[in-house]
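Taken verbatim from TrEMBL:
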- His136: active site, proton donor/acceptor (ACT_SITE)
- Lys140: active site, proton donor (ACT_SITE)
- Gly11, Ala12, Arg13, Gly14, Arg15, Met16, Gly79, Thr80, Thr81, Ala106, Pro107, Asn108, Phe109: NAD(+) binding site (BINDING)
- His137, Gly146, Thr147: (S)-2,3,4,5-tetrahydrodipicolinate binding site (BINDING)
- 6-109: domain 'Dihydrodipicolinate reductase N-terminal' (DOMAIN)
- 113-239: domain 'Dihydrodipicolinate reductase C-terminal' (DOMAIN)
Amino acid sequence: MTELLPVAVLGARGRMGSEAVRAVDAAADLDLVAALGSSDPLETLVSAGARVVVDLTVPDATFDNVAFAVEHGMHAVVGTTGWTPQRLDRLGELLAASPGTGVLIAPNFALGSVLATAFAASAARYFESVEIIELHHPDKVDAPSGTAVRTAQLVSAARAAAGVAEAPDATRDQLDGARGASVDGVPVHSVRLRGLTAHQEVLLGSPGEQLTIRHDSFDRASFMPGVLLGIRSVARYPGLTVGLDGYLDLPGTGR
Ligand SMILES: NC(=O)C1=CN([C@@H]2O[C@H](COP(=O)(O)OP(=O)(O)OC[C@H]3O[C@@H](n4cnc5c(N)ncnc54)[C@H](O)[C@@H]3O)[C@@H](O)[C@H]2O)C=CC1
Ligand SMILES: O=C(O)C1=N[C@H](C(=O)O)C[C@H](O)C1
């Protein structure tokens with residue numbers, strides 16, 4: 001009989017965590033050994049024998065959770081946002097001391113979203129202007145979304161590599177925030193609206209034409225195939241991987 005992979009979910013009572021608990025529970029090759037909330041001790045991960053920890057918590061908690069997992073030789077699959085370059089650097093140092101341990105930080109687990117970001121990065125060099133609009137439910141605590149930040153970073157890097165000039169923008173007089181937040185030079189606009197789940201548009205413009213690359217997650221079920229792919233793959237990718245595209249073969253992502 002094949003051994004089941006012991007998996008723990010952190011943030012298990014949240015919107016994403018509860019969906020992930022159901023998905024892991026339903027997978028024949030995975031064993032849900034722990035489902036922890038904010039008041040449960042992380043030591044439970046050790047006593048439960050978890051090999052892969054899934055973090056779907058809050059930006060303030062995710063670094064400490066992942067650091068605990070790495071320090072105890074457990075792989076981590078992370079959907080939580082809030083990973084600044086400084087936190088990623090610190091995580092890289094921890095991973096250097098734990099060779100063989102893998103961490104996946106996936107700003108978005110929906111395969112359509114990962115593809116949309118890759119398409120946007122591929123298209124970015126061919127247009128004068130690029131802007132991103134991300135639209136989410138109003139219970140989301142962070143802005144801009146992790147997906148929008150990642151998309152802007154890849155778009156910006158692709159334009160820089162191709163030597164594309166800065167996008168034209170004559171705006172000089174404005175209310176603060178009217179032009180969104182600049183992420184690596186790409187304007188990102190955040191909408192929070194009851195009824196929405198998770199959506200993003202990348203607008204690419206040149207004289208006389210516009211390309212819009214839009215992705216919609218209507219339900220958190222959209223994220224579960226990516227979560228399961230991450231859980232099943234993470235042990236094969238020691239070190240840090242940012243973006244589920246790191247486990248896939250997609251255009252525009254440098255793989
Ligand atoms: N990568 C992806 O595809 C997706 C990522 N997300 C991200 O996942 C995170 C969670 O999103 P939601 O589920 O909507 O939020 P939520 O607020 O519904 O759930 C977060 C849960 O984490 C718990 N929590 C807080 N601190 C904790 C700790 N130290 N240990 C264990 N649990 C803790 C909270 O009590 C809460 O139940 C956010 O950062 C969000 O942006 C959300 C959807 C998809
Ligand atoms: O909070 C959410 O809901 C989501 N968060 C992630 C993000 O910030 O990009 C992924 C998805 O957009 C849903």
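Every residue gets a Cβ built from N, Cα and C, even glycine.
If you average pLDDT over the domain 'Dihydrodipicolinate reductase C-terminal' (113-239) in this model, you get 98.
Of the listed binding-site residues Gly11, Pro107, Gly146, the Cβ environment within 10 Å is emptiest of other Cβ atoms at Gly146. Taking each Cβ in turn and tallying the other Cβ atoms within 10 Å, the top scorer among the binding-site residues Thr81, Thr147 is Thr147. Spatially close to His137 ((S)-2,3,4,5-tetrahydrodipicolinate binding site) yet at least six residues away along the chain are Arg192, Leu193, Arg194, Gly195, Leu196, Thr197, Ala198, judged by Cβ distances under 8 angstroms. Sequence-distant contacts of Arg15 (NAD(+) binding site), defined as residues of its own chain at least six apart whose C-beta falls under 8 angstroms from its C-beta, comprise Asp139, Arg220. Summary of the (S)-2,3,4,5-tetrahydrodipicolinate site environment: with the site residues His137, Gly146, Thr147 set aside, the chain residues having Cβ atoms within 8 Å of the Cβ mean position are Thr81, Pro107, Asn108, Glu134, His136, Lys140, Asp142, Ser145, Ala148, Ala198, Gln200. When Cα-Cα distances from Arg13 (NAD(+) binding site) are compared across the recorded positions His136, Lys140, Gly146, the shortest belongs to Lys140.
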